[in-house]
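Trainee: Features from Swiss-Prot:
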BINDING   Asp296, Asn500  substrate binding site
BINDING   Met324, Asp343, Val400, Val401, Glu402, Lys407, Ser429, Asn453  NAD(+) binding site
REGION    311-716  region '3-hydroxyacyl-CoA dehydrogenase'
SITE      Glu119  site 'Important for catalytic activity'
SITE      Glu139  site 'Important for catalytic activity'
Amino acid sequence: MIYQSPTIQVELLEDNIARLCFNAAGSVNKLDRETIDSLNAALDAIKQDTNIQGLVLTSGKGAFIVGADITEFLGLFAQEESVLLPWIAEANVVFNKIEDLPFPTISAINGFALGGGFETVLATDFRIADTTAKLGLPETKLGLIPGFGGTVRLPRLIGADNALEWITTGKDHKPEAALKVGAIDAVVAPENLEASAIAMLKEALSEKLDWQARRAKKQAPLNLPKLEAMMSFATAKGMVFKVAGKHYPAPMTAISVIEQAARSERADALMVEHQAFIKLAKTDVAQALIGIFLNDQLVKGKAKKAGKLAKNVDSAAVLGAGIMGGGIAYQSASKGTPIVMKDIAQPALDLGLGEASKLLAAQIKRGRSTPEKMAKVLNNITATLDYAPVKDVDVVVEAVVEHPKVKSMVLAEVEQNVSDDAIITSNTSTISINLLAKSLKKPERFCGMHFFNPVHKMPLVEVIRGENSSEETIASVVAYASKMGKTPIVVNDCPGFFVNRVLFPYFAGFSGLLADGADFAAIDKVMEKQFGWPMGPAYLLDVVGIDTGHHAQAVMAEGFPDRMGKDGKDAIDIMFDSERFGQKNNKGFYAYSVDRRGKPKKDLDPTSYELLGAEFGDLKAFESDEIIARTMIPMIIETVRCLEEGIIATPAEADMGLVFGLGFPPFRGGVFRYIDTMGVANFVALADKYAHLGGLYQVTDAMRELAANNGSYYQA
């Protein structure tokens, strides 16, 4: 053994070839500080052993290296730039050591080699991957750029255009695609990986492969004529800005870094990368996106833990077909859980099956599925008008019309037609789970399972715990949601649960602005372009359905009369009373027509302005800051109330719920990350400025206390 640590082992094989094996104690290899330090020491030991003539990097895990240890990032990035720059420079010395060894090197890549893992293999002269490999640089998804030489080595290896696409999109790539552009040198079967790597290394040792020329190319300026470079980088900037926009600076920074370093050799090129990496690491966007990644890991960890308490869900049923039922059936069946879709009307079943077929056909059109897979998924969906096929299922999802009496009747009926240990859930968006549980003999085997529309696109599922729901019930539904490919968060029962409860104060803030004469289109523009929502409040109401919003608003007003009760008509009432229900009947705040692609196209409609003007008077202009404050403060305070009341367990789960359930701008990280970034005291001061507008704008005592103590919701 040449070197051994808890994360790395180095031993000498035949023919004086050394094998460096990444093999950490956990389930995966990560490039944490300990591993980088071990790699540094291992390379020193390798360099000192004069017998070694070649080096192969391998992994003792099912994945090569999944990337850097992101759990270290937030604490690390909180330090000053003067501390971070030497840190990243020192880390890069380690990768340079790989590249500077006096003999040829190769990486044998299995499974994931992402981020720092991929940058590690870029430092070797050759790369060979097995058929399970996934390679890529996903740092831009975290608001960063590669920091261990990725922006320097990859363009010199695969060309500027290919490298720009790899780095700015942050996508991972299959080995065949990586081979095509030259990121790796061969693809082999997993059982042949190490032997093939050693064989290639021997070809380099016998000078059949010119490893020194390979190495020199990676360390030299980019081989790109000046005019071609100008065109490449200008085109890339235009295309990337169109996708990334002004709120996500990392992809544009990556282009600038590659462009600036194009004429430089390794040392100067790496310095350009270091400085840009550190600047991005200090941005609020990076903090927010890293926070989302960590929150996602926390939620997934909770779901995994729940799986240990859960009963097996091998079959399911959805009651109520149509678009929602069809979407739930598609999601369950496509992820491997057979599902019965029951309705009382054949046309509804046809609609549900049609929805599933449409979604599957779209997958085939995009090249993500095949007709054979489509047939298999459809065979996993059993459409029925009676309860016979439902009797042995493990979980039932009730998804009938949003009416308490109808739901209660259907729930009581299905309980008579399933096994004693079946779990029953309701896909209600507003009706109390405790109220619905009264219709059941076994309320302990009942909870809410709130999907968001469209089911196949929206990642969130709210699992709503009623006062009688058992831990096994909750755990089983969480596990089933995870199995469906969804992100489940557990919330306690209250009007609107979590997501709708915090959404409607936002709509109330919007309605208040309209009552004071604001233009709904101007509000939408500010909330989309400046704050970053995918849709402004008027457009969102049109898409959700103003009739749906009107009903939910009434539920919220009844549940929280002090804060959400209304004195008179608001904008939602006006639209509803005029039967302007949004996209569903082509008129809401906006008018809708169908474009050439068959998609709804929105236009301003004078009728909307006439209706609102008759109630609220002439339009007035509002500053962007006031529009943002008056819409967002109520949502933020209500979110904090949900945490304080125990409706949601942690800031992390709240923020994931908002990002995945409502489309809260990811670059802001969620409500709690947003407050922490602003500073709790600054937020309290801003809310106090608008406190005269009513209870929705009045912060809680606990918030004031946190502000006074200079506290935050997330701990660094």
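Cβ coordinates are placed from backbone N, Cα and C, and glycine is handled just like the others.
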Trainee: Distance check, please: Cα of Lys407 (NAD(+) binding site) against Cα of Asn500 (substrate binding site), rounded to an integer number of angstrom.
Mentor: 19
Trainee: Between Asp296 (substrate binding site) and Asn453 (NAD(+) binding site), find the distance joining the two CA atoms and give it rounded to the nearest Å.
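Mentor: Between the Cα atoms of Asp296 (substrate binding site) and Asn453 (NAD(+) binding site), the distance comes to 21 Å.
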Trainee: So if I measure Cβ to Cβ from Glu139 (site 'Important for catalytic activity') and keep only same-chain residues at least 6 apart in sequence, which ones fall under 8 Å?
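Mentor: Expected: Gly115, Ile145, Pro146, Gly147, Gly150, Ile167, Gly170, Ala250.
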Trainee: Can you work out the mean pLDDT of the predicted model over the region '3-hydroxyacyl-CoA dehydrogenase' (311-716)?
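Mentor: On average, pLDDT over the region '3-hydroxyacyl-CoA dehydrogenase' (311-716) sits at 96.
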Trainee: May I ask which of the binding-site residues Asp343, Val400, Val401, Ser429, Asn453 is closest to Asn500 (substrate binding site) if we compare their C-alpha atoms?
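Mentor: For Asn500 (substrate binding site), the closest Cα among Asp343, Val400, Val401, Ser429, Asn453 is found at Ser429.
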Trainee: Work out how many Å separate Val400 (NAD(+) binding site) and Glu119 (site 'Important for catalytic activity') at their Cα atoms, rounded off.
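Mentor: Taking the Cα atoms only, Val400 (NAD(+) binding site) lies 51 Å from Glu119 (site 'Important for catalytic activity').
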Trainee: Counting every protein chain present, what is the number of Cβ atoms, excluding its own, within 10 Å of the Cβ of Met324 (NAD(+) binding site)?
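Mentor: So the Cβ neighbour count for Met324 (NAD(+) binding site) comes to 20.
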Trainee: Check Asn500 (substrate binding site) against DSSP and tell me helix, strand or coil, would you?
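Mentor: Once the DSSP labels are grouped into three classes, Asn500 (substrate binding site) ends up as helix.
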Trainee: At a 10 Å cut-off from the C-beta of Asn500 (substrate binding site), count the other C-beta atoms across all protein chains.
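Mentor: The answer is 20.
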Trainee: Between the two most separated Cα atoms in Met324, Asp343, Val400, Val401, Glu402, Lys407, Ser429, Asn453, the residues recorded as binding NAD(+), what distance in Å do you get?
Mentor: 20
